[in-house]
Amino acid sequence: MLGAKSDGASAGAAGGGTPAGMQMPAPEVGFIVVHPTSAPIVEEVAGRTAASAVAEIRPQVGGIIEKRVFEEGSRVNAGDVLYRIDARSYQATLDAAKADLERYEASVPSAQAKFDRYQELANVNGVSKQDIDEARSALLQAKAAVASAASAVRTAEINLGYTEVKAPISGLIGRSSVTEGALVTAGQATALATIRQIDPIYVDLSASSTSMSRMRQAIERDGVTAGKEGPRVTLKLDDNTVYEEVGHIISTEANVDETTDTVTLRSSFANSKMLLLPGMYMRAAVEIGTEDNVFLLPQRAVTRTVTGQATAYFLTPDNKVEARVLNADRAYGFDWVVEKDVADGDRLIVEGVQKIRPGMEVKSSEVELGANGLVKPKAAAAAPANTTP
């Protein structure tokens, strides 16, 4: 019988079972110590870029296009000459107006002298009152003719200036709709070209009415600080990189679109490198404000059930596993933002989660998380310098 028992025990050990009186070693886990911090409240929305100013170039005088000065698709500055219209007829009109002005100006001195002479003769009854009135009228008419001629000169100068079609704003100019030699008319329906100002550039964001409600509720919550310049906006480009400039909301549409149930938020961005062009589709993150006294739990440490319930595992003072159900419905980077059910100094298990269950005793070591959310061993504290001689 004793031999049989010995053989049975040997067989059990050979089969890989745990020998009697021995326990499995405690699983090893890595943890981080969590502390309250601040986190931005962000709402994800979509939108499209739009020029901050658009100018359709139309001639203000008619004539033949002598020269197109700009390069299509180039950047132009306000005041740059874009087209030159044949100016000969406008120069002739200006010359004639100046000649008329000189002629009318020459008539004023004689009219003035005649009126002054009649005034002197009136003192000795040497001229009738009617003659004086006629002299006064002639003087006033001469001065009025001078004013009218001066106005004609200014008009002719303006029209001559309009033969140089200039850019009213700075921006990118598109293709020209006319060529040299084309006949254009003042105020014609077809624009010669279009300039779009894209620095700064607008991004019109479409936020659902539900998103707007969440934003308002977030701003009104205790512990939330709104930015002084209004909500900050960051953009994500097509290649998934984040646009280097940060924008701000500058206006909000006063009504909800009945078709799409959305509200348009207009944001403005610097665009000196011209990376953004009008019409581009964008994903944007609107930072409504900053919430204090929240905890950032790494997403790798939070598991979810099939119903979406979030659970994280913490260490008790006696190194046992404690499971907590959390309200983690807002993400920030690689973390979940949690407002309650976590305390300052709690030890959150971030490595080895798949090997544990609630109540299990574990062997733990503190680790660090990199900026990408990956675990790395916690760096040892530097030893104090030895000052002993």
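From the backbone N, Cα and C atoms, a Cβ is placed for every residue, glycine too.
Note: TrEMBL annotation is automatic and uncurated.
Under the heading region 'Disordered', TrEMBL lists 1-20. According to TrEMBL, the domain 'Multidrug resistance protein MdtA-like barrel-sandwich hybrid' annotation covers 54-195. As annotated by TrEMBL, coiled coil applies to 87-114. What TrEMBL lists as domain 'Multidrug resistance protein MdtA-like beta-barrel' is 200-289. Positions annotated as domain 'Multidrug resistance protein MdtA-like C-terminal permuted SH3' by TrEMBL: 293-355.
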Message: Based on DSSP, tally up the residues of the domain 'Multidrug resistance protein MdtA-like C-terminal permuted SH3' (293-355) by helix, strand and coil.
response: 6 helix, 34 strand, 23 coil
Field: Composition by DSSP (helix, strand, coil) of residues within the domain 'Multidrug resistance protein MdtA-like beta-barrel' (200-289)
entry: 12 helix, 41 strand, 37 coil
Field: Overall pLDDT for the domain 'Multidrug resistance protein MdtA-like C-terminal permuted SH3' (293-355), taken as the rounded mean
entry: 91
